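Q: Here TrEMBL flags His157 as active site, proton donor/acceptor. Residues or ranges marked as active site, acyl-thioester intermediate in TrEMBL: Cys220. Positions annotated as compositional bias 'Polar residues' by TrEMBL: 28-41. Annotation source TrEMBL lists region 'Disordered' at 28-50. Annotated signal peptide per TrEMBL: 1-20, in sequence order.
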Amino acid sequence: MKRFSVFFLAALLMATFAACGEKETDPAQLSTPQYEASSGSLPEFSPKEGGVHTAEDGVLVVGPEGQEMTVSTEQDKPATPDTVWEQDAVATYNAFTLPEKAMLDEENGSIGILSIPALGLSVNVYEAEDEMEAMSRGVAHFKSTSAYDGNVGLSAHNVNFDGTDGYFKDLYTLKTGDTVSYKTALGEREYEVSLVKTISETDWSYLSRTTENRLTMVTCISGKPTRRLLVQAVQK
């Protein structure tokens, strides 16, 4: 028994000396791989190609699988000629002419003359705060639209309040390709009818600004109070 104890003690001492002879572990090697910081840079975030988001777009929400949803931050404004122009941010400055620049006859207040040979029509164009007031004298110019360059908006009665024929009574008979001319103090242009269609009474989108010169003519439709006749003509 005594001999076994001496042998065990000798073996223990030899194991201790061997352990002391091993190289001491560097503390830097004790880090756990899955927690080590990557030396590479973080991936950069870039907006989706083809889309530019502004404050006017509202709050952008990224849904499942990258689906984007925009939440409006304000209530939609009612559609009028004025709001159509407020929301239109694509037209250039050159696509707009002030009425005073186009004034053709300062004495009677006419800003232009509209001529439609197919209808045998030549009539003065006026602008007033109320289109109804202007239409009592001739063709009314939508005050929110350009007076010469770009998109010129015009309207007139098809039937006057006293039952007589309005200036745009036969506007519906125009066909694609018919000629229309418009004269102001800045010159005279010839246009070609490109569109004849029926629209809703609240559809003012056709009065939006355009970089090309065009006339947009609107009138009522007898028996259809919620509909309007629209004729557009582009410069030749």
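The backbone N, Cα and C atoms fix where each Cβ goes, glycine too.
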Q: Under a three-state reading of DSSP, tell me whether Cys220 (active site, acyl-thioester intermediate) is helix, strand or coil.
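A: Reduced to three states, the DSSP call for Cys220 (active site, acyl-thioester intermediate) is strand.
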Q: Distance between the residue listed as 'active site, acyl-thioester intermediate' and His157 (active site, proton donor/acceptor) at the Cα atoms, whole Å?
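A: The residue listed as 'active site, acyl-thioester intermediate' to His157 (active site, proton donor/acceptor), Cα-Cα distance: 7 Å.
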Q: Can you count the other CB atoms that lie within 10 A of the CB of Cys220 (active site, acyl-thioester intermediate)?
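A: Result for Cys220 (active site, acyl-thioester intermediate): 18 neighbouring Cβ atoms inside 10 Å.
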